Amino acid sequence: ATGTIITASSHHWLMAWVGLEMNTLAIIPMISKQHHPRATEAATKYFLTQAATSATILFSSTTNAWQTGTWDITNMTSPTANMLLTMALAMKLGLAPMHFWLPEVLQGSTIKTALIITTWQKLAPMALIFTMSNALPTTALLTMAMISTLLGGWAGLNQTQTRKIMAYSSIAHLGWMAAITTIMPSILTLNLVLYLLMTTSMFYTLILLNSKNIKDMATSPTTSPTTTTLAMLTLLSLGGLPPLTGFMPKWLIIEELTTQNLTTTATILALSALLSLFFYLRLSYSSTITLAPNTTTTKHKWRFKPTINTTLLTMTLPTSLLMLPITPMIC
């Protein structure tokens, strides 16, 4: 939390780098706390990737300071430094084609740690992107946006692990955010907030159901039918199906891209959303197909003792599902 606050509130590149490093060093013990070879591998991959991006950020800011004489974040006027910084922030977020580390790290982490990586760890880089949105190269961001949405939908089709499905979901959603970054940052902020709400509610539902793969989701209706139904609605909201909340940012982004005569980009993003929606529907179908015929008197799985505080779940679920009717007031 301290690292994120330092990065979001800093105007000097050195302080922004310090905040990003604090974020990285704080999450490493959380990933590797299982003392399992897969967790150690995930922590190593995360550390190497984040260390490389932090070094690239320092190099790009130093290049800009060498040419302009200032370390101010809002005064990035060097094209070379801007391109390097864009690549570094894209790798830190997990945008394609620098996405390679995200699915593997999430698969090697616990579901709670995966929740932190896909939500809170995105805030500091997004704060930097929002601060310098006017200086970032639009063409590079639009290209990465199209690649991310297509790859996030296409690669997610072949996954059975819920953490990897959420990883590719994160890649696809980040692509939508990258597409609108330099055009209208206010929609970027709205998309980020709704993504955080929907992803948090979905991860908390997975924790509550103890579902690590599609097979676990298929058995969850027998123990928690109400929560499983809400999980299905949250998945459909993540896919952008109207009238759920997830449709709102996609609608606004496509509308703005069309207004800016970027119809090709808007078309590719809309078609890629169908790929993501397919595996969301498959996961929803697997979790609800056994809802009616199978009933049981047991409240929970015999091997699972729920310890999660459901207060946050009850707050985020309605928001991630039922916000679409207030879209006109937001816009």
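Placed from the backbone N, Cα and C atoms, the Cβ positions cover glycine too.
Unlike curated entries, TrEMBL annotations are predicted automatically.
What TrEMBL annotates here:
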type	residues	note
DOMAIN	10-275	domain 'NADH:quinone oxidoreductase/Mrp antiporter transmembrane'
DOMAIN	277-330	domain 'NADH dehydrogenase subunit 2 C-terminal'
TRANSMEM	12-31	transmembrane segment
TRANSMEM	43-61	transmembrane segment
TRANSMEM	81-102	transmembrane segment
TRANSMEM	139-158	transmembrane segment
TRANSMEM	165-184	transmembrane segment
TRANSMEM	190-209	transmembrane segment
TRANSMEM	230-254	transmembrane segment
TRANSMEM	266-285	transmembrane segment
TRANSMEM	306-326	transmembrane segment
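Note on the transmembrane segment (81-102): residues 20, 45-46, 49-50, 52-54, 56-57, 59-61, 63-64, 67, 117, 122, 125-126, 128-129, 132, 135-137, 140-141, 144-145, 147-148, 151-152, 167, 170-171, 174-175, 178 of its chain, located 6 or more positions outside it, place their CB under 8 angstroms from a CB of the stretch.
If you look at the transmembrane segment (165-184), the same-chain residues 6 or more away from its ends with a CB under 8 A from one of its CBs are 90, 93-96, 99, 102-103, 106-107, 114, 118, 122, 126, 129-130, 133-134, 136, 138, 141-142, 144-153, 155-156, 159, 191-192, 195, 199, 202-203, 206, 238, 249-250, 253, 256-257, 260, 265, 269, 272-273, 276, 279-280, 283. Outside the transmembrane segment (266-285) by six or more residues, the chain places 145-146, 149-150, 152-154, 156-157, 159, 162, 165, 168-169, 172, 175-176, 179, 214, 217, 231-232, 235-236, 238-241, 250, 253-254, 257-258 with a CB less than 8 A from a CB of the stretch. When pLDDT is averaged over the domain 'NADH dehydrogenase subunit 2 C-terminal' (277-330), the result is 59.
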